[in-house]
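Participant: Supplied in structure tokens, the structure appears directly below.
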Amino acid sequence: MSGDSPEPTTPLLRQHLDGWRHRLATSLRLKTTLLSELSGAVGDLGTYIPIVLALTLVSHLDLSTTLIFTALYNIATGVLFGTPMPVQPMKSIAAVAVSETPHLTVSQIAAAGISTAAVLFFLGVTGLMSILYRFLPLPVVRGVQLSQGLAFAFSAIKYIRYNQDFTKTTATKTTDPRPWLGLDGLVLALVCLLFLVLTTGDGSGSESDGHLVSTTRRRRVQRRLRILSAVPSALMVFLLGLILCFIIDPTIFRDIKLGPSRFHVLKITWDDFKVGFIRGAVPQIPLSVLNSVIAVCKLSGDLFPGTELSATKVSVSVGLMNLVGCWFGAMPVCHGAGGLAGQYRFGGRSGLSVVFLGLGKLVLGLLFGNSFVRILTSFPVGILGVLLLFAGIELAMASRDMNSKEESFVMLVCAAVSLTGSSAALGFGCGIVLHLVLKLREMDFSGIPFFRSKSEPPAEDESLLNP
């Protein structure tokens with residue numbers, strides 16, 4: 001009998017292995033060219049690099065640990081979701097850590113990330129996130145996406161036009177106008193911008209000119225567009241920026257030290273949790289719920305029809321990443337609609353795109369460790385602005401599907417309040433209230449005696465009229 005006991009578990013194990021093999025094959029299957037997936041991999045670095053750089057220089061974040069953990073997150077999410085699911089910094093926590101005084105310590109940043117993650121994990125496992133996702137009005141979600149996309153675009157224009165000091169507060173980090181010439185000049189940024197427009201167009205693909213009358217001309221134009229769209233434009237621009245880093249500051253070669261930093265578990269006190277929760281988690285939680293889960297799921301359904309992500313899985317994913325990594329000093333991260341839009345805009349169509357990004361981060365984290373910050377400090381900010389601009393515009397364009405003036409009205413009010421109040425939660429609240437008021441106007445109150453006109457007879461039961 002003892003020899004027969006393993007038999008029942010063997011088919012079950014084989015079934016699980018077959019399931020994972022199928023998931024890997026599906027998630028990592030090329031849906032476009034390999035170069036396009038590689039180009040899409042760098043589509044969200046316009047937001048990733050400035051925030052990581054600021055946290056490393058101001059708050060002494062361990063860059064090596066952050067690169068390694070975010071690399072593992074990228075690889076895991078690419079396999080699990082099968083789409084170019086981004087892994088981005090929690091922006092509100094980062095803004096508080098860098099701009100407010102006193103600056104948050106690494107332990108307080110980690111505590112803020114753990115607190116936010118715990119809330120999202122709870123909302124995910126209890127199913128509350130799915131309920132929110134199912135019943136939230138689409139115009140309100142589109143308003144949050146529009147405001148976030150425009151905010152990215154505004155920041156991108158500042159990166160292109162002005163020199164930036166990411167170690168200063170948000171209000172004073174923009175310094176003097178960027179010079180026209182130079183290795184990080186305005187001309188370089190504009191050339192990169194025109195190159196990306198020429199190769200990627202409006203992001204709608206190579207079939208957008210199919211309305212041309214002449215068949216011969218249509219074939220010729222479509223052939224040219226296919227060639228241009230196959231160019232890994234974002235990857236080429238990013239590699240150009242890396243090369244310029246070493247030309248701008250040749251001393252980088254001398255300062256680079258090989259090898260990662262040593263892993264260690266942070267000592268997080270109760271006071272760290274109190275400060276981190278109040279100053280970091282409280283403003284971050286609404287943004288994570290709206291932009292990192294709900295807006296990401298909506299945008300995924302728009303970009304990849306028929307493959308809309310589960311709000312529960314995305315929420316649990318954000319929770320698990322930070323409940324593990326933050327204890328080792330990794331930067332608090334989430335998924336973001338802007339990152340997804342950027343990676344899609346530059347060619348990412350499958351999980352393979354973010355797997356490539358994860359492998360790149362893993363190599364950099366293991367090879368250069370914390371000395372990689374020397375390279376990032378010399379990276380041309382104008383090029384980062386160009387990448388960020390396209391990501392922001394792609395995210396904002398997701399709001400173009402409003403079908404009525406009423407929906408557009410709610411969306412625009414929500415976006416305007418979010419932008420002027422610098423708070424997605426405030427815009428979301430105003431959008432919900434406005435949506436409910438507009439629906440209240442259209443409700444039929446004739447069945448309520450208080451609202452019935454004196455000259456209007458009471459409604460008769462149709463069952464009495466038609467026995």
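Positions of Cβ are set from backbone N, Cα and C atoms, glycine also.
Remember, TrEMBL labels are computer predictions, not curated facts.
Pulled from TrEMBL, these are the listed features:
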TRANSMEM  38-58  transmembrane segment
TRANSMEM  65-83  transmembrane segment
TRANSMEM  109-133  transmembrane segment
TRANSMEM  140-160  transmembrane segment
TRANSMEM  180-198  transmembrane segment
TRANSMEM  227-253  transmembrane segment
TRANSMEM  314-334  transmembrane segment
TRANSMEM  346-369  transmembrane segment
TRANSMEM  375-397  transmembrane segment
TRANSMEM  409-438  transmembrane segment
Participant: Under 8 Å between C-beta atoms and at least six residues away from its ends: which parts of the chain pack against the transmembrane segment (314-334)?
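Facilitator: Cβ under 8 Å, 6 or more out: 52, 55, 61-62, 65-66, 68-70, 73, 77, 80-81, 87-90, 93-94, 106, 109-114, 116-118, 120-125, 129, 263-266, 268, 284, 288, 291-293, 296-297.
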Participant: Quick test of the contact rule: Cβ under 8 Å, at least six residues beyond the ends. What residues does that give for the transmembrane segment (227-253)?
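Facilitator: Apart from its flanks, the transmembrane segment (227-253) reaches 33, 35-36, 38-43, 45, 183-184, 192, 195-196, 198-201, 205-206, 346-347, 374-380, 383-384, 386-387, 390.
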Participant: Which range out of 38-58, 140-160, 346-369 gives the transmembrane segment (375-397) the most CB pairs under 8 Å?
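Facilitator: It is 140-160 that shares the most Cβ pairs under 8 Å with the transmembrane segment (375-397).
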Participant: Assess whether the transmembrane segment (140-160) lies in contact with the transmembrane segment (346-369), where contact requires at least three Cβ pairs under 8 Å among residues 6 or more apart in sequence.
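Facilitator: By the criterion, they do not touch.
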Participant: Output the single range from 180-198, 346-369, 409-438 maximising the number of Cβ pairs under 8 Å to the transmembrane segment (38-58).
Facilitator: 346-369
Participant: State the residues, same chain only, that lie 6 or more residues beyond the ends of the transmembrane segment (180-198) and have a CB under 8 A from a CB inside it; answer 'none' if no residue qualifies.
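Facilitator: Distant Cβ neighbours of the transmembrane segment (180-198) are 160-161, 228, 233-234, 236-237, 240, 244, 247-248, 380-383, 385-386, 389-390.
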